[in-house]
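Novice: Okay, handing you the structure first.
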Amino acid sequence: MNNINKIFITFLCIELIIGGGGRLLEPLGIFPLRYLLFVFSFILLIFNLVTFNFSITQKCVSLFIWLLLFPFYGFFVGLLAGNKINDILFDVQPYLFMLSLIYLFTLRYTLKVFSCEIFIKIVNAFALYGSLLYISYIILLNFGLLNFNLIYEHLSLTSEFFFRPDGAFFSKSFYFFGVGAIISFVDKKYLKCLIIVLAILLTESRGVLLFTTLSLLLASFKLHKLYLNTIIIILGSVLFIIMLYMVGSRSEDSDSVRFNDLYFYYKNVDLATFLFGRGFGSFILDRLRIEIVPLEILQKTGVIGVFISLVPMLLIFLKGYFLNSTKTSLMMSLILFFSITVSITNPFLFTPMGIFIIGVVVLWVFSIENIQISNNLTSGAK
């Protein structure tokens, strides 16, 4: 069973990291692999339970229950508000992937360690080789050595890619460039980190660049002295200014959409909405989903929902960043920090990609790390 679990975990990581939003195979008419993996995780869970090939920690169970409170709350507020059931279910859909965390959280200790290690390895490989490939694409495109129309014709068949007018593009899997940059920086592989950050710059995604840089700065505060932190602040500021210059007036459309969303909430909020929200299935202007995730949470679940969703994230981050002492805990906490903050401008955290990251971080910070510390204390006592 262990080998079967390892193969499944490896394939799951590859699909989530490289597959991004899960729509790469959309043009082929193939049933989404993500749904099949979701179902298969429950089949494996049953086999693990039947064969006693599982391990449960109280903290993982407590955090899992707390994580589920948020979609349950949004669902019931939506029902009480009289929102259409189809719209409510549309909002619930991304959170269903949280149920797959039951599989992760009940794995045996060795498989939990394997899950975290294989996740880091696959992100490392994808971030580096994906960045090199993307940088090569931009160079060849600017030298006129690529047929952009042909590339656009093929890649635009799926909704996974978002093209810029100058030929640059962003894929949802590119969020893992930011994760890879954090891993490389904490591992002190600075050249690799710079290559990945350069690729992020060339995607022209301001939010990903900004919050990757902030995550690297937080890592530097723990790892380096003041002069290196200053260098990172200056370098990050320069890169962001370059990004703003590259994007230019093209950012006005997306900025105006975000501003209109904020203005709509401001004009329509009342005390009940502010406290309890309007529930899942409620709209901001004519959309169920918006780019500013915190605003969407506030609109649909109020400050109560913000509190419910934020508390477990803060607990995980604070424990990994301040209380645990290992390099991997620092890495994991900053990956979570990036996932939370990048969701201010791009929906990421409560997607299958973001939910899986939450699961992996919880595994390390609240399960693996605790057992390792306990074992070290026991060894020391002997």
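Cβ atoms are placed via backbone N, Cα and C, with glycine included.
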Novice: Looking at S325 and V92, does Swiss-Prot assign them to the same side of the membrane (meaning the same named topological domain)?
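Specialist: Domain labels do not match for V92 and S325 in Swiss-Prot.
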Novice: Could you please provide the mean pLDDT value for the topological domain 'Cytoplasmic' (113-125)?
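Specialist: Per the prediction, mean pLDDT sits at 96 for the topological domain 'Cytoplasmic' (113-125).
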Novice: In the same chain, which residue numbers or ranges, 6 or more beyond the ends of the transmembrane segment (126-146), come under 8 angstroms Cβ to Cβ?
Specialist: 17-18, 167-168, 173-174, 176-177, 179-181, 183-184, 192, 195-196, 198-200, 202-203
Novice: Counting Cβ pairs under 8 Å that sit 6 or more residues apart, are there three or more between the transmembrane segment (353-370) and the transmembrane segment (190-206)?
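Specialist: Contact criterion not met.
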Novice: Residue counts in helix (H, G, I), strand (E, B) and coil for the topological domain 'Cytoplasmic' (319-329), per DSSP?
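Specialist: So the counts come to 8 helix, 0 strand, 3 coil.
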Novice: Per the 3+ Cβ pairs under 8 Å rule, pairs at least 6 apart in sequence, do the transmembrane segment (4-22) and the transmembrane segment (168-187) touch?
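Specialist: Per Cβ check, the transmembrane segment (4-22) touches the transmembrane segment (168-187).
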Novice: Using Cβ atoms and a strict cutoff of less than 8 Å, what residues sit near the topological domain 'Cytoplasmic' (319-329) while being 6 or more residues removed from its termini?
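Specialist: Those are 116, 120, 186-187, 218, 222, 336-337, 361, 364-366, 369, 372, in sequence order.
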Novice: With Cβ-Cβ distances below 8 Å as the criterion, list the same-chain residues six or more beyond the ends of the transmembrane segment (209-226) that contact it, or say none.
Specialist: 177-178, 181-182, 185-186, 188, 193, 197, 200-201, 232-233, 236, 239-240, 243, 321, 330-331, 334-335, 337-338, 341-342, 344-345
